[in-house]
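Undergrad: First the structure, then my questions, so here it is.
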Amino acid sequence: MLGVPAALALALVVLPVVGLLVRSDLTRLPSLIATPSSWHALRLSLITAALSTLACVLLGVPLAVVLARARFSGVRLLRSVVLLPLVLPPVVGGLALLYLLGRKGFLGMLITTLTGESVPFTTTAVVIAQTFVAMPFLVVSLEGALRGSGDRYEQVAATLGARPWTVFRRVTLPLLLPALGSGVVLSFARALGEFGATITFAGSLEDVTRTLPLEVYTQAEVDIDSAVALSLLLIIVAILVIAVARPRSWEGGLR
Amino acid sequence: MSQLALAVAAVALFAGACSSSDEPSTQSGGSSVTAPAPKGAGNSGGTLTVFAAASLTESFTALGKEFEAAHPGVTVKFSFAGSSGLVQQLTNGAKADVFASADQANMDKAVQGGVIDGQATVFATNKLAIAVAPGNPKGIKSFADLNKAGLTVVTCAAQVPCGSATKKVEQSTGVTLKPKSEEQDVKQVLNKVQSGDADAGLVYVTDATSAAGKVDKVDFPEAQQAINSYPIAAIKGGQAELAHQFEEFVLGTEGKTELGKVGFGAAQ
C-alpha cells in the first residue's frame, strides 16, 4: 500500500532530473561545459565547499556535543536557533549576513576598523555563507546519533579515570564517526548547492565569488543550453559526492 | 487513517500538477479566479495578465490601477521579473496576454520562440546612472571617477541588459571598470549601494529615481551611448483585444505620465 506514494515521492525527485537530461543535447555537453568560466566556477565551488565543510566540522561537532549533553533549560530554544538556517529562505540568510558582516554591520565595521578589509565580495564571504546554511545538517546528524547512543560509554570511561578530553577523543568521537560521515556529506552537498545567501552576501564575480550555482544562474540569462549543461555537471558532482561517502555512513547504520 | 492521508496528499499533488498548467504562472503564485470575458461585450470584464521587466515594477503597477479604473470589471495581474526569465517562462508555456521587455534582444527571443502576436512597439527608453550613498561622500562626479583607487564599485553582469549597457559605455569611454561584483539584476546593484557595501553602482536612471532618498543619482553624459529600448507586445493565444487596449494605454498619455515620473525617456 505504501508503494504508490513512495513511487510518487521518488518520481518527484527523479523526473525533474530526467527533464533536464531530455532537454539537454548530450553530444554538445562536453563543449558546453568546457569553457573557462565553467571550470573557474567548478574549481571555486569545490574549494569553497571543502573549506566550509571543514568549518562545519570544527564548529559543528562541539556544538552538537554541547546540545546533546546539555541539561540546562533553554537548550530546546538553542536547538531551534541552530536549525534556523534550514528553514530561512536563503536570501534572508544572505541579508542577515550582510547586515552583520557588511561594511555597515556592527561586526563588519569592527573588522574593517581592525584590519582595513571588508568581508563582502570576497571568497571568505562565500565560505561563510556556505557554512551558515550547511552547518545545521552536520549538527542535526550528530546530535541525533549522540542522543540515540546515550552517554553510558562516556560515564564508564570517566569512572575508569579518563579525563574529559580523553573521553571525547577516545569514546565520543569514534561513536560519532558514522553520523559524522553522513553529516559531512550532507554539509558538503548543501554547500555545493548554496545559491541565495552567496549571491546576496558575497556577490558574483568570476574566480572570486561566482560558484557553480551562480554561474548556472548567470548563463541562464543568455544561453539556456549551457545553463542546462552546467546544471547536469552540478548534479553529477553532487551524486558522486553522495555515492562516494554513502557506503560507510548510511549503509553502515547509525549504531 | 494514515493511508487515507497519503491518498489525499497524492491526489492533491496530481491536482496541483494539472491545474498549474492551466493557470498563468505569475510571480506571486496566487491562484486567481479568471472570469470568462464575454464575447463581443467590449471591455466589460476579464483578467489581463502582464509579464513585465523588473525595472517597470513601480510605473506599471500604477498604470495597472489606472487601467482597471478606466475599464470596469477588468483585473490586471503582473509578473515582474528579469526579462530573460520571463521569456523562458513564456516559451515554456506560461499563459499571459502582454509582454513588456527591458530590451530588444529579449523581445526578439520571444518572437523567435513563437509566443508574440503581431508586432512589438517600443514604448520607453532607459539609460544608466551612477547610484551613490546619499550626499555622495566619495565625490563621484563622472564615469571615469568610478576607477578611482579604493572605491568599491558594483555593476550588472554582462549577460543582463544593464550589464551590456555598462559594457557599451566602457567601450565608448575607454574606461574599463573593475567591479567587486557583477550582479544579476539592477535591483541587486541598488541594494548593495543602499547597504553601504558598495560605494557606487551602475543602475538605470529609473531605479535610482525610484530609490531617491536612499541613494543619490549621478548622471553622466556617456550614458547616452547605451540607450536601451523597452518594447511591448501581445502574446499569442491571449486576450487580443484587451491586450491591445493595454498596449495603447501604455503608449498613450497615461503611460507617458507614469513612465516619465521615474525617469523613463520617450521612445525614439
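Cβ coordinates come from backbone N, Cα and C, glycine included.
According to TrEMBL, the signal peptide annotation covers B:1-17. Residues annotated as region 'Disordered' in TrEMBL: B:20-40. Residues or ranges marked as compositional bias 'Polar residues' in TrEMBL: B:20-34. Feature annotation from TrEMBL assigns molybdate binding site to B:S55, B:S83, B:V186, B:Y204.
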Undergrad: Can you see whether DSSP assigns B:S83 (molybdate binding site) to helix, strand or coil?
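TA: The residue in question, B:S83 (molybdate binding site), is helix (DSSP, three-state).
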Undergrad: Which of the three DSSP states, helix, strand or coil, fits B:Y204 (molybdate binding site)?
TA: strand
Undergrad: Cβ distance under 8 Å to B:S55 (molybdate binding site), same chain, sequence separation 6 or more: which residues?
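TA: Those within reach of B:S55 (molybdate binding site), by Cβ under 8 Å and sequence separation of 6 or more, are B:A102, B:N126, B:V186, B:Y204, B:T206, B:D207.
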Undergrad: Other residues near the molybdate site, CB within 8 A of the CB centroid of B:S55, B:S83, B:V186, B:Y204?
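TA: Neighbours within 8 Å of the Cβ centroid, excluding B:S55, B:S83, B:V186, B:Y204: B:A53, B:A54, B:L56, B:A102, B:N126, B:P161, B:C162, B:D185, B:K187, B:T206, B:D207.
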